[in-house]
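Trainee: The following block contains the structure, expressed as structure tokens.
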Amino acid sequence: MKIMEDQINPINIRKQKDLDDNLEEITSENSEIAPADIEKKMLENHAYPSPTQEDFQRAIYVKRDFYIHSIPERKVLNTYDEIKEFRDNKCAGNFKLTESQTLLSNFINPNTPYRGLLMFWGTGVGKSCGAIAIAEKFKHMVEKYGTKIHVLVPGPINKQNFLNEIIKCTGETYTKMFQDKTIVINEAEKNRIRKNALNVVNQYYRIMSYRSFYKKVLGEKIRDKVVTGNKVKLTSRKTETGEFERDISIDRIYSLDNTLLIVDEAHNITGNGEGDAVKKIIDVSKNLKVVFLSATPMKNLADSIVELINYLRPKNYQMERDKIFTSQRGSEMDFKPGGRDYLRKMVRGYVSYLRGADPLTFAERVDIGEIPPGLDFTKVTRCFMLPFQLGVYDNVIATQDDSLDRNSEAVANFVFPGLSKDRNSKNIEGYYGIKGMNEIRNQILNNSETLNRRIASTILSEYEIEDPSNLMYLTDNNSVISGNIFNEKYLKHFSIKFYSALQKINETVYGKRNSGLIFIYLNLVRVGISIFQEVLLMNGYLEYQENTNNYNLKRDTRCYFCDHKYGDHYNLPDDIPKHDFYPATFITVTGKSEEDIEQIPEEKHRILNNVFNNVNNREGKYLKIVIGSRVMNEGITLRNIKEIYILDVHFNLGKVDQAIGRGIRFCTHYGITNEKDPFPKVEVNKYVVSVKNGLSTEEQLYKKAESKYKLIKQVERILQEEAIDCPLNRNGNIFPEEMKRYANCGTKDNPCPAICGYMPCEFKCGDKLLNAKYYDPDRAVYKKITKSELDYSTYNNALASDEIDYSKAKIKEMYKLDFIYTLKDILRYVKKSYPVEKREMFDDFYVYQALNDLIPITGNDFNNFHDTIADKYNRPGYLIYINTYYIFQPFDENENIPMYYRRIFTPPTINKINVKDYIKNTPEYRQHKNLYQLDEEGPIDREYDFDSVQDYYDSRDEFDYVGIIDRESSKRKNGTNSSGDEFKIRRKRPKILSKKRETGIPSFLGAVCSTSKDKKYLASIMKKLNLDENKSDSRMDICDRIKNKLFDLEKYSTNNMTYLIIPSNHPHIPFPLNLKDRVQYIIDQIKRETRSSINPEIKTIKTTGEFNDIDYIYYELYYDSSMDKYQDILTLYGAKKINNDWIIIIK
């Protein structure tokens, strides 16, 4: 690859000799510098400003390093076409880092003196990408020192999310080396590219949960059980010196030298052991830089900001809480005199702020309701309780401490009617909370008839109920209280709040309030979410099922779109648009424990992303309602939300705002905006129970929360005003539409919006010198700076990389259109495409350097060449320079071919796509595939689900050897097993959980029988199973016989012992396999679906089978004619009507 010497562009010969040379010196190749200028440059201060400077913000503002990345001013857009174009660029354009994200990568990197930063950015504005932009600047540190960039996240789901963000936020950095743009890439190839990219990412990043980091730094405390009387207490073991004994991890982290530590949702590490671990590593590590991410840096109290900022400040110059806040705690806390000024001084240089929430890319939040007397800004829907609930409420003493009062909250949510504990009393008493629910369960089990009859004759006497037997009963193996008391007709007597919310939810249909997606948030699970789920089930809503055939549609099942139910949906009025019936469904999202962190189960996370957030589901066709707990506060995005319901009170309004932020995020409503509805709104409904005189406990709790929230917002305003990028990000924090709308907000008639913390949206930065010189009070913006005023003292080639990359991208754009350009052409195109407001700062050097990188000359250049260019035919190549022309050169052509052959290209068809991939992407293949892929079986390669059956098998004792039916590994598939199953086996596992973690304990799924066990081992199992050994049997034969015996033992045994484990979603073997358990399972399912408590008569019938030592039986279930009305449900379970009975045979 050699060309004539006189054809080589001089730019290519001139490589970068000194990265710290001034750009103006570099761009002028033959410039002469006078001795006086040399002396002046030698005396220049090439240092960054210190956070201790009072004019720190001004010094940052005028630096070329940062000013180039200021957010440009946006004018008011008046026409829909202008708004649509703006949104298309922001929401649907190709991904690129925002100016704010790039700015931070120039502020925190290995070459700047700044140690750490709190990224106080709003929800959904790109915190993760900002942190990743910083991290990418540390990759050469990873290569140099053999360390890794460490990222701490709350839990496993967040870990996967952050990995996804790395791939998204870095463009083609990790993927371009694995993809060939000249061929069709199918889904399998995309997955392969992604997998390879993640492998590269993992060479630079180490992502772990807070808890894992804590274990690797400090170690878990060793706890002992101490039994005193009937109580068991856990105590932490201590050494002789009084320190806690700890279980130290093998791969312990002692320090993180020469790298970067990122902590996502950093407010979670204050006041706990995880924070202690972070502090220890920061204190002992050398040259460690730290980035904290948080939309709500204060969890509950304003003074938690002190601990968070102190992680970033020098160890010997920490912020003191008592100089800022008064000694009171909770809602009584306030600023001390001089506290604000001291706080400003101590946070200066350590905070970046970006509000985001541009009204053109964020839906508008509309708070519904009224502000009760005594509250300042919280709008709520007040629900006045009826006599029964109010009587119980009056007997509950309101708590006065600063915590969530679970008793009063439980009463506010739901009061269950029950028999009096005084046997002589015939009154109905109210029960609430978990204890109350347990009491009601016992009463239903022991005295259901009396209880229901008494409820009908007292509380519900006005309804004249003829058959009260279904008012309350138990379902799901007697664990769930259900019944008609949850029906809308009676619900208001037991929960006025849930009744009011249900009425409004029912109206979210066409012709009333229009159909749309709903998010319901409750902090309490067992006395909140579980009860409201039952309310929905009893009022025509169904729990979401991935297989639509599993829905049990009844006459009163609600339609997702209109107000007509399933029974009369066939006869819709003409004024309702034609639509197919799909049931209105919901899904509950509560946490599962993962290293003491509440995490969303992966399966539900997938459903939220793929089903609920799908634009085709924008009206709730497939999934209408999400009910979530506090696990939904962070890391989840809900798209196209129409309404949000907050059904219980949290003592921390910041947490409530985080929950609301799940549905109001950057571009989440982009897919449903149109000219008729250009500005989508999200209604936020906060429900509280109320009393006629004074405030209820829920309203009082909101009042306390307001006091804390106001102080937190005052602290946040100080952080906003002192942020390093305050003047640079001003146009991303204050928007022209809001300036006009909320110009004089703060009165009762015109309150300031929640997005601005119920304070005026406009604010000035804290630097007085900056404001005096650059603030324009008439336009409420900071003035532009001319190029001559900019400080170039610390600007170098490394910081110019973003502009160079921009130039490369534009040059690559050009070669998609033509094959040959002059330098003049390229300079003109790149400059013209540069943003107008920054064009003055554009330097020709960026284009020179970009061209230099795109033209490999030496063999070493080719070996390290990554800036591949593609022409209009997607051929990969590079640039060559010949006689003042820059010419596209394909990799597979000689450099001396005439231009005619460069312009003419016949794409070869050989080996561009293999036959297998071609066939798999044809409609014929997909149609053929679907014929053999039943809907209820799901995707052919779907993994078996053992997680959901773990509790079932853990509750049973195990036989000495346990078999497992698992999906065959892809590495072992040979086409001989049509079912795709393989039989595994293992020894019995210990019953106690702690013993299961010891060395040598077999895994839950065991090992493949036919390949991992020798014949001697298998023979001992056969002996244990009373099977005769055949010497001619192969290992495969022996395994088949063992499997058959364990299969029948599992199926027919009645001793509650596990012999064979099967997944819940096996396409052919039902779960549970054990017939005795399956009988109870079917009975419970029928109870749940019919909402009845009727038990069938069960007959056990003996039969014969393969093994003489097994008692073979089957069961018959007999339901009488009272179940005729549930004919459709019974037939689904195989029931047949014989004489007057419905009979289900289970065998």
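Note: Cβ is positioned from N, Cα and C throughout, glycine not excepted.
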Trainee: Quick one: sort out which of 188-191, 244-247, 264-267 is the motif 'DEAH box' according to Swiss-Prot.
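Mentor: Range annotated as motif 'DEAH box' by Swiss-Prot: 264-267.
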Trainee: List the residues in the vicinity of the ATP site, defined as same-chain residues other than W121, G122, T123, G124, V125, G126, K127, S128 with C-beta within 8 angstroms of the site's C-beta centre.
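Mentor: These residues sit around the ATP site: G130, A295, L354, G356, F666.
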Trainee: Looking only at DSSP and grouping its letters into three states, which state does K127 (ATP binding site) belong to?
Mentor: helix
Trainee: Are there any residues in the same chain, six or more apart in sequence, whose C-beta is under 8 angstroms from the C-beta of K127 (ATP binding site), and if so which?
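Mentor: For K127 (ATP binding site), the qualifying residues are M119, W121, D264, L293, S294, A295.
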Trainee: I need the least crowded one of these binding-site residues (G122, G124), counting other C-beta atoms within 10 angstroms of each C-beta.
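Mentor: Each of the binding-site residues G122, G124 was scored; lowest Cβ tally within 10 Å is G124.
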Trainee: How many other Cβ atoms sit within 10 Å of the Cβ of W121 (ATP binding site)?
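Mentor: Total other Cβ atoms inside 10 Å, all chains included: 25.
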Trainee: Counting across all protein chains shown, how many other Cβ atoms sit within 10 Å of the Cβ of S128 (ATP binding site)?
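Mentor: That number is 24.
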Trainee: At a 10 Å cut-off from the C-beta of V125 (ATP binding site), count the other C-beta atoms across all protein chains.
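Mentor: Taking all protein chains shown, V125 (ATP binding site) has 23 Cβ neighbours within 10 Å.
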